[in-house]
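Worksheet: the structure to be examined is printed underneath.
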Amino acid sequence: MTRVMFIVFIILLLLGIPIAFVIGISSLVYILREGMPLVLLAQRFYVSVTNYLILSVPMFILAGKLMNESGITRRLVDFFNMILGHIRGGLAYITIVASLFFAGITGAGAADAAAIGAIMIPAMKKEGYSAEYSGAVTAVASIIGPTIPPSIAMVIYGASAGVSIAKLFLGGIIPGILIGIAQLIVAYVYSKKHDVPVKARNISFAGITRGLKDAILALLMPVILLGGILSGIFTPTEAAGVSVLYAVVVGFFVFRELNLKKLFHSLYETALVTATILFILAFAHLFGWILSAEDVPDKVAQVFIHITNNRFLLLLLINILFLIVGTFMETLASVILLTPVLLPLAQSIGLDPVHFGVMMVVALNIGLVTPPLGVCLFVSAPIAGVSVERLVLSCLPFIFASIVVLLLITYIPSLVMFIPNLVVK
């Protein structure tokens, strides 16, 4: 019966139906053909969205939107502009570094692309960067967000796989930094090759100090969250609540740029995004339950092992599958669907669930800048004023650099596991 379900899934996907409906309709076809009671739908939906860890998702989203409304994005960019703006290719470096730090606030790639892109793309175009390159840098830099803690994708994976969220957050630190470094190297090569103009800027210690004073509250937020989780002061879900409180206090009483109108607007946007995520989550959980009931994980493992029993090649095949799936499926849905199918295979070849989760999230995040779905491409392209097709060509060097990092963290587990093993006993 799963064969019919997969056929329906592929047909609907090729027709361009939204992924939540693709998963939901495919699951419904299976249930009807099997003669199962429809009350099963309500039961599985309820189980999927009432997980305590899922409560952190809307709060992390809200915290990011509140911090953005408070002007924290602008302050981060201004601070890094003081330090890096005078260097050749400096605006590209600023975009990447700002995304690296902004990642610790939002944990969502599209949010990073929108917030950073609105500031940096016009600035880069004004200083002589091509529109394609300006949009590409912003798009690819935004894939750092879902890797650096807090990461919504990792929360979903942790809830699905029963893995420590704290360990996942810690495991994403080094890979996220490595992706940032890889992108900085690509930006450096581009600036040298295309002789990007340098704009003279006056740099003063007093100016940097003022910039740091404005940006420090944003830079401290990830430290407070991780510190609180690891010290046992609060759980990852409670940390999300703390992040909202922190954003409200900073926005209303420190920067004083947040008001009731902006607060309600942030709540409204958070509700829309959260509803979309929960909609996908509910259907994907049902789909994953069907796969497990039909013993699909074991069948997939047998297929992979039939192809090769070499651990090196198996990991390569798993990553290729992640990259392919990431090009046409939304990240959160992919995490929920692939976790029950591939995690048993990964564990059978000695892969730690934390290592596997980080590897999966990094690989699927690359899909954020890969057509046809490429969410961050569709966010950056209108801001840059170019077509998605032209933007993709400029993204390719950054995508290749990110894939190199993916292979490094795949075959050198300590790049993921060093900090979790060091901090969490």
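Keep in mind that glycine also has a Cβ here, set from the backbone N, Cα and C atoms.
Note that TrEMBL annotation is computational and uncurated.
The feature domain 'TRAP C4-dicarboxylate transport system permease DctM subunit' is assigned by TrEMBL to 6-414.
Here TrEMBL flags 7-32 (among others) as transmembrane segment.
Taken from TrEMBL, the feature transmembrane segment covers 44-64 (among others).
Taken from TrEMBL, the feature transmembrane segment covers 100-121 (among others).
Counting residues 6+ beyond its ends, the transmembrane segment (133-157) has Cβ neighbours under 8 Å at 53-54, 56-57, 60-61, 92, 95-96, 98-100, 102-104, 106-113, 116-117, 120-121, 124-125, 163, 165, 168-170, 172-173, 175-177, 179-180, 183, 187, 190, 222, 225-226, 236, 239-240, 243, 277, 281, 331-332, 335-336, 339, 357-358, 360-362, 364-366, 368-369, 374, 376-377, 379-381, 383-384, 386, 391, 394-395, 398-399, 402 in the same chain. Sequence annotations record features per position, and here TrEMBL assigns transmembrane segment to 133-157 (among others).
The transmembrane segment annotation in TrEMBL covers 169-190 (among others).
According to TrEMBL, the feature transmembrane segment maps to 211-233 (among others).
Beyond the ends of the transmembrane segment (239-255), by six or more residues, the same chain brings 55-57, 59-60, 62-63, 66-67, 69-72, 75, 150, 217, 221, 224-225, 228-229, 262-263 to within a C-beta distance below 8 angstroms of the stretch. As annotated by TrEMBL, transmembrane segment applies to 239-255 (among others).
Below 8 angstroms of C-beta separation, residues 2, 5, 19-21, 23-24, 26-27, 30-31, 41, 44-45, 47-49, 54, 57-58, 61-62, 65, 152, 156, 160, 297, 330, 332-333, 336-337, 339-341 of the same chain, each at least six residues beyond the ends of the transmembrane segment (267-291), sit close to that stretch. Under the heading transmembrane segment, TrEMBL lists 267-291 (among others).
Annotation comment: TrEMBL describes 303-325 (among others) as transmembrane segment.
Sequence-distant contacts of the transmembrane segment (356-379), counting only residues of its own chain at least 6 positions beyond either end whose CB sits under 8 Å from a CB of the stretch, comprise 109-110, 113-114, 117, 139-140, 142-143, 146-147, 151, 153-154, 157-158, 161, 163, 168, 171-172, 175, 179, 318-319, 322-323, 325-331, 334-335, 338-339, 342-343, 346-347, 388-389, 391-392, 395, 398-399, 402-403, 405-406, 409-410, 416. The transmembrane segment annotation in TrEMBL covers 356-379 (among others).
Per TrEMBL, the feature transmembrane segment maps to 391-419 (among others). Proximity of distant same-chain residues to the transmembrane segment (391-419), defined by a Cβ-Cβ separation under 8 Å and at least 6 residues beyond the stretch ends, is recorded for 130, 132-133, 135-137, 139-140, 143, 170-175, 178-179, 182-183, 185-186, 189-190, 312, 315-316, 319, 323, 351-352, 354-355, 358-359, 362-363, 366, 369-371, 374, 377, 380-381, 384.
Non-local neighbours of the transmembrane segment (303-325) in the same chain are 334, 338, 342, 345-346, 349-351, 359-360, 363-364, 366-367, 370, 403, 406-407, 410-411; each lies 6+ residues outside the stretch with a CB under 8 Å from one of its CB atoms.
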